[in-house]
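S.K.: Quick one: this structure, given as C-alpha cells, is what I'll be asking you about.
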Amino acid sequence: MDQELMRIGVSLPDNLLDRFDNIIEKRGYSSRSEGIRDAIRNYIMHYEWMNEVEGERIGVITLIYDHDQRGLVNNLTDIQHEYMGMIKSSVHVHLDHDNCLELIMLQGEGKQVKEVAEKMMALKGVKHVKLTTVSPNTEL
C-alpha cells in the first residue's frame, strides 16, 4: 500500500517522549514515525469503538487527574451532579501527592454515557480517561 506520507511536527514533554521511545525500542519499530502511525491508528480505532454506544449501556469511566489543577475538582463534581441520575457509584483513590484516580460507574443511554466521559476528557488537568461500556442486555 503506497500512500503519500505527510510530515507533521509534534511537541511532547521529555518524559512522555522518553517513555514512547522506550516502547518503540521494545516493540521493534524501525522509527518513531512507525510508532506514531501505529498509535494514531489505535487512537482512531478506540475513538470509533467509543462511538458505537447505541442503546442502554453500563459504563465505567476511569480518570487519572492532577487534583491541584485549579478548578478541576469542582468541574468534575459539576459534571457528576449534572448526570446524577445516571451515576450509580464512584470511587476516589489518592495515587500520590499530585494524582488521583476516580472510577465512575454509570448506566443510561449510550450517547449520554459517552458524553459524560468526553466532558471529563476535555478538562485541563485530566491526564487519562478510559470509558468501558457493556450492554445490560448481553446474553452470555
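Each Cβ is built from the backbone N, Cα and C atoms, and glycine gets one as well.
Heads up, here are the entries from Swiss-Prot:
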type    : residues            : note
BINDING : H81, H92, H94, C100 : Ni(2+) binding site
S.K.: Highest CB neighbour count within 10 A among the binding-site residues H81, H92, H94?
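M.R.: Counting Cβ neighbours within 10 Å, the top one is H92.
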S.K.: In sequence order, which residues at least six apart in the same chain have a CB under 8 Å from the CB of C100 (Ni(2+) binding site)?
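M.R.: Result: L63, I64, Y65, H67, H92, V93, H94.
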